[in-house]
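Participant: Submitted below is the structure of interest, expressed as structure tokens.
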């Protein structure tokens with residue numbers, strides 16, 4: 001054999017062993033896929049206006065995939081698999097611990113809006129029994145609601161307002177029990193629904209809201225104190241109800257009944273329909289489900305943001321700090337909205353007081369995916385682009401997730417999970433164990449067959465298989481590739497392809513020997529023809545693997561990738577190890593013993609003429625043959 005072939009074989013063995021040892025010592029290994037280490041797989045379907053979307057642009061799907069990938073990277077998930085399947089998006093997250101959090105972050109639309117607050121009130125769960133009790137205690141006529149009585153009282157007091165020029169909306173100014181009480185009094189959002197709530201200071205006129213006069217529900221619930229003289233001390237009087245039924249609307253129970261009735265009829269705006277209601281009023285809950293808000297038109301969206309981060313405020317509470325873009329498409333839009341609320345514009349009516357000046361200010365609600373995160377009072381007319389913060393009783397993880405969603409922008413589509421598959425770590429380990437056991441059992445059976453049939457050549461076959469397998473492990477470890485159950489199946493299938501290459505070569509070798517050629521010369525000369533067949537067979541496998549890889553998705557691609565890579569490495573091992581190894585053995589002293597190679601001990605007349613020739617020891621059991629085409633002899 002050529003010396004260069006032997007050198008190639010030695011280099012390949014030494015290089016493979018050194019690289020394998022380096023990979024093991026540095027603990028470099030491939031990432032186990034979802035089905036082997038556990039995790040979650042979800043298929044996201046696009047929706048438009050609450051209905052499954054049919055015509056979705058490819059650009060929208062690709063943009064959604066890019067945003068989802070950025071969000072997942074922020075979670076620290078290693079090797080996530082995100083791919084499109086038509087209009088749907090397949091997301092596979094191996095090794096994820098907090099699966100609920102991951103699902104929420106992946107599917108969150110992250111549509112951010114800023115809307116003015118028109119009114120707000122606590123959310124109360126419907127309680128028909130309590131309603132019936134309160135109606136009976138307050139003597140409310142059958143068929144009349146608390147809202148009807150509130151409106152009647154509102155109208156009656158509004159009618160009295162022009163007849164009293166001294167009325168300022170503060171009953172304590174005159175001590176008159178019939179003094180006007182502001183009809184735009186709001187229930188304190190933080191108050192207990194069963195406790196009295198102090199009315200806000202009156203303005204003498206109803207607040208103007210979007211689309212005309214805006215009146216919050218008339219819910220006066222506190223008796224009004226009136227001071228008669230410093231010496232006499234304060235006395236408390238209650239304004240006389242003006243509604244026809246004579247219901248005491250100043251009784252705290254009336255406020256409770258009003259809220260319970262509203263709980264029965266409140267219909268929140270569908271978050272999916274917010275995109276079509278940018279110029280309309282909407283009713284939305286807060287993120288904790290404790291408050292409900294009536295909001296005005298959209299003043300700006302999350303497109304004005306350039307980023308967001310989570311951090312602690314001065315009180316040690318978690319908050320989200322959005323960063324606005326500069327110019328008219330960023331901070332200028334926010335300042336325009338802030339100015340409206342600061343000045344109490346009709347679009348953003350005053351609902352709160354400035355703690356430092358006492359001036360009435362409007363509130364600007366920050367809405368994310370149909371829920372109010374917070375609704376702060378605007379006490380300044382202008383802000384810097386990095387000065388704004390969003391507080392809303394956030395937990396640390398929640399604040400970071402909101403910041404992540406805002407940082408990478410809103411999804412161009414609303415995505416909802418259609419199918420979700422959860423694989424536990426235990427199940428994944430069981431699958432891995434099963435595949436390894438099946439592979440080892442199969443290898444053991446094939447090894448016994450090869451060694452029994454091909455003897456030394458069978459050992460060469462499995463050393464070649466071990467080398468190609470080591471190279472495969474080295475490559476996928478260094479690449480950090482994801483090893484899935486389907487990938488393992490591809491590797492197991494490739495074992496058959498690799499062993500088939502050995503069979504092709506060995507059978508060519510046997511045919512050449514049995515046709516009259518010596519084993520010494522056939523060991524190297526039989527390889528070119530055999531290798532040509534091996535290449536053709538492997539190329540057909542590579543074509544199949546390539547088609548599967550480029551035309552499919554998910555686990556099938558993993559199968560195709562590992563099958564194709566294993567086939568390529570089989571060609572390398574066949575040429576650089578199997579070829580020189582077989583040639584070396586056949587030219588050694590062992591080459592004179594055909595039975596060690598699984599070749600029947602049959603001699604041609606030419607060989608019998610020189611039984612003691614090089615590589616052909618004397619075999620007394622052999623009987624001569626008169627015909628070159630017919631082989632006779634005996635087995636040793």
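Cβ coordinates are placed from backbone N, Cα and C, and glycine is handled just like the others.
Because TrEMBL annotations are produced automatically, they should be read as predictions rather than curated entries.
Residues or ranges marked as domain 'Protein translocase subunit SecDF P1' by TrEMBL: 61-117. Taken from TrEMBL, the feature compositional bias 'Low complexity' applies to 156-174, 195-208, 224-241. The feature region 'Disordered' is assigned by TrEMBL to 156-245, 266-291. The annotation compositional bias 'Basic and acidic residues' is assigned in TrEMBL to 277-290. Residues annotated as domain 'SecDF P1 head subdomain' in TrEMBL: 284-412. According to TrEMBL, the domain 'Protein export membrane protein SecD/SecF C-terminal' annotation covers 419-586. According to TrEMBL, the transmembrane segment annotation covers 431-452, 527-553, 559-578.
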Participant: Counting by DSSP, what is the helix, strand and coil composition of the compositional bias 'Basic and acidic residues' (277-290)?
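Facilitator: In the compositional bias 'Basic and acidic residues' (277-290), the DSSP-based counts are 0 helix, 5 strand, 9 coil.
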Participant: Can you give the mean pLDDT for the domain 'Protein translocase subunit SecDF P1' (61-117), rounded to a whole number?
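Facilitator: Per the prediction, mean pLDDT sits at 81 for the domain 'Protein translocase subunit SecDF P1' (61-117).
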Participant: Give the residue counts of the domain 'Protein translocase subunit SecDF P1' (61-117) per reduced DSSP state, in the order helix, strand, coil.
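Facilitator: Split by secondary structure, the domain 'Protein translocase subunit SecDF P1' (61-117) comes out as 24 helix, 18 strand, 15 coil.
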